[in-house]
Amino acid sequence: MTQGGLRICVLIVVALFGAGPILAGLWQALRASFAVLPAIGATAPSLAPWRELAHLPGIATSLRLTLISGLGATALALLLVMAVCITRSGRDIAAHAPKRPRHARMGTRQDPKAQPATPQPSHPSAPSAGPRTAHLALAPVLAPFLAAPHAAMAIGLAFVIAPSGWIARAIALILGWSSPPAWITVHDPGGVALMLGLVIKEFPFLMLVTLSALNQIPLHRTLVTGRTLGYGTGTLWLKTVLPQIWPMLRVPVMIVLAYALSNVDMALILGPSNPPTLAVLLTRLFSDPDTTLLLPASAGAVVQALLVLATFGVLWATGRAMRAVGLVWLRLGGRGARPAWPGQMLRTATSVVMAGLLTLGTLSVLALLMWSLAWRWPFPGLLPQTWSLHAWQGAQGNWHAPLITTLVLALATTALSTLLAIAWLEGEDRARKRTPAWGEAMIYLPLLVPQISFLYGLNILFLRLGLSGGLAAVIWAQTLFVFPYVMIALAAPWRALDPRLARTAAALGAGPWRQLVAVKLPTLLRPLLIAAAVGGAVSVAQYLPTLFMGAGRMTTLTTEAVTLASGSDRRITAVTAALQAALPFAGFLAALLIPAVLHRDRRALRGGGGSPG
Amino acid sequence: MSLDLTRLSLRFAAQPVLFAPLTLHVPRGTITTVTGPSGIGKSTLLDAIAGTLPGGVAMSGGITLNGQDITGQPAHRRRIGLLFQDAVLFGHLSVGDNLAFGLSPDIRGRAARRKAVTTALEQAGLGDMASRDPATLSGGQKARVALMRSLLADPQALLLDEPFSKLDAELRDEVRSFTFAHVRARGIPVLLVTHDHADAQAAQGPIVALGGRRP
């Protein structure tokens, strides 16, 4: 029986189409940074590109802005997550005593010591998505923020915080202003708006990841045991809970760091424009008609990769240092100087900040809708004076073609990624072993390497192969980023599936394919569709892969929205961005409704939890 | 006609063998009981016989069913039924379709297949439940459906992994006598793993205690 065949095939596919091209793209960038780019006739190695990069006007400011906004946004989001956990632990989190996923418990019915093969839930990619888990209060509130594409959220936020936005209008109504204030909020030179936008998008991601990490540790027992030993809640979190969940948070935090330091679409819409962040600067250089600029741009791409790598190093070192210091602190046995910490102040402050962020995010999406339907909207009215569908109908509102392109790309990439994820997980089942760590690392590699660092190099390779600018190239480039998220969404429910279902089917005479198609996939319909919806949302949100691999000729809602955001009619921009935001929501809605209808008579599968049989 | 194990031993990677090598003859029509302390590997033994061993378990020795060596065969070709503590019904299928899933492909034609399912349901006292959601059945009903599903696949041997241990005391007697009556009627070798002395007594067959970890 070729038990390991499928697994090996999938590994080869991922290596060949995923990790390999990324490394090749990085290699191209590295070569070009030393002036070797035969495509433009540069063949003599030199340090000139690096000198050019160093002499670019405003490069130092760009680097500083990148570091401040990227590190700042990640740190703020992470701090807020920790503050929410510590201050709300008594209520939303510990109150619903966290349950391990049912099947994890069943898996231990045999002697756990004698079963090293049972995967222990210690892997970053295994957040428990069990339906009946803790944190019921927070998760559904956060999930929609994950669905909204970065660009749409950024455009909406720009509408809200602009001098003519809702915030200024609200103040104007109170203070009696008659004209917009002279604020510089969007594109502010300090990058504050960009940081705010990043925190609004990344806080919900980190929070959800943390909540599912908390589900995999005996949180309730840890806290209760600690309290009986006389520890205060806050001290307990720092001494016992945080060290347990950190290994599961490390990769997600790295993903956020890489994104925050190197994103282009949010930085274009919200960030400072002159000088901009490094990634935006590089995008401009790469897109410049003057091809000699490709060389310093490549040097910049290398710098961008090193920057991210360096912050990973800092993250790792900080983790080690905190562990060392924490152990000393732990052994001292202090129960917390003030057992009441965290006090009411911190609790209130955390709630206010979180509510503020989520409100801003909600207002941003609402603002898109509002502007797309507004006709006359004079300052300082909170609502438009006259409404119109003009922006949706008008000849300028040319959103049909981008919508079709976006849909085609989303469907193709999601189908590919979901199939690949199923093949990966089924391959593991048949080989009866988990993929080693290096294999898993290949999945996450595209999320950890800055897109700008390898995409252009890759595009050069594609040009040489004559593949650039085509639909296939864009589908493939997007799939690089869609697949990891589909895997993240699908792996946990797949691995939590009761293994006895497939064994029962086998004992009834069903071969591997019938087990997969007739038992596993239908049982996993809901998580499968949710994973597909996640994939669709990621595809819709892609900017740089579409721009570079499409050679600028592929227009999606995202590329259109980002282009329009720099100075077009607000209404037209709003229409495009609103559509861009609506697609993922439609996807998630379908993912929830389809199983509800198909499985309306199947209690065990309706998402209310419970195990089959 | 029998299920035979020859010097069967199992070990998890880099650990001592789970139990002393086991040679066992399970004749047809009897229910042979295997007991032993928890952790000795009773469930793993059944996995080995059914062909559903988890990764990382090394097996040595041989398994023959009705004189045929099935040691290397994949689970779905062994024709060995397997029942767990839980019924493990397929949650996406109706009760009737759960039975139809296992029904031997030798029975051809829609009418004949439907009749086989209906007959089995009636034997289990569940005649009107073909279209029911399995999640809405009681524990005893689920256990009976699981048994009927196994038997419809026409197994050549049956493995029972503590199948009554999760049932209430009164229900247990009822399900046990139902199960034993049906499997005896089949005249196939049956291997029962249990902690419960009452189970072993009711089985009325030989009792094998899995031994210590001698090399």
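A Cβ is built for glycine as well, from the same backbone N, Cα and C atoms used for every other residue.
TrEMBL does not curate its annotations; it predicts them automatically.
Straight from TrEMBL, the features:
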COMPBIAS  A:97-106  compositional bias 'Basic residues'
DOMAIN    A:59-315  domain 'ABC transmembrane type-1'
DOMAIN    A:403-594  domain 'ABC transmembrane type-1'
REGION    A:96-131  region 'Disordered'
TRANSMEM  A:65-86  transmembrane segment
TRANSMEM  A:154-178  transmembrane segment
TRANSMEM  A:190-214  transmembrane segment
TRANSMEM  A:253-273  transmembrane segment
TRANSMEM  A:293-317  transmembrane segment
TRANSMEM  A:352-379  transmembrane segment
TRANSMEM  A:399-425  transmembrane segment
TRANSMEM  A:437-458  transmembrane segment
TRANSMEM  A:470-494  transmembrane segment
TRANSMEM  A:524-544  transmembrane segment
TRANSMEM  A:577-598  transmembrane segment
Which sequence positions outside the transmembrane segment (A:253-273), separated from its termini by at least 6 residues, show Cβ-Cβ distances below 8 Å to it?
-> 65-67, 69-71, 73-74, 77-78, 150-151, 153-155, 157-158, 186-191, 193-194, 196-198, 201-202, 205-206, 279-280, 283, 304, 307-308, 311-312, 315, 444, 447-453, 543-544, 558, 562, 565-566
Counting Cβ pairs under 8 Å that are 6 or more apart in sequence, does the total for the transmembrane segment (A:190-214) and the transmembrane segment (A:524-544) reach three or more?
-> no
Outside the transmembrane segment (A:470-494), at least 6 residues beyond either end, the same-chain residues with a Cβ under 8 Å of its Cβ set are 14, 17-18, 21-22, 125-130, 212, 408-409, 412-414, 416-418, 420-422, 424-425, 443-444, 446-447, 451, 455, 458, 462, 524, 527-528, 530-532, 534-535, 538-539, 542, 545-546, 548-550, 554
Recorded stretch that, among A:154-178, A:293-317, A:352-379, A:524-544, A:577-598, has the most CB pairs under 8 Å to the transmembrane segment (A:437-458) | A:293-317
Contact between the transmembrane segment (A:65-86) and the transmembrane segment (A:352-379) (3 or more Cβ pairs under 8 Å, separation 6+) | yes
Non-local residues, at least 6 beyond the ends, that sit with Cβ under 8 Å of the transmembrane segment (A:577-598) = 143-144, 147-149, 151-153, 155-156, 365, 368-369, 372, 399, 403, 406-407, 410, 525-526, 529-530, 532-533, 536-537, 540-541, 557-558, 561, 565, 605-607
For the transmembrane segment (A:399-425), sequence-distant contacts whose Cβ falls under 8 Å of one of its Cβ atoms, 6 or more beyond its ends = 6-7, 9-10, 13-14, 435, 471, 474-475, 478-479, 482-483, 486-487, 490-491, 494-495, 516, 521, 528, 531-532, 535-536, 539-540, 542, 546, 554-560, 575-576, 579-580, 583, 587
In terms of Cβ proximity under 8 Å, which residues at least six beyond the ends of the transmembrane segment (A:352-379) contact it?
-> 80, 83-84, 141-142, 145, 148, 152-153, 155-157, 159-160, 164-166, 168-169, 172, 178-180, 196, 199-201, 203-204, 385-392, 570-571, 573-575, 577-578, 581
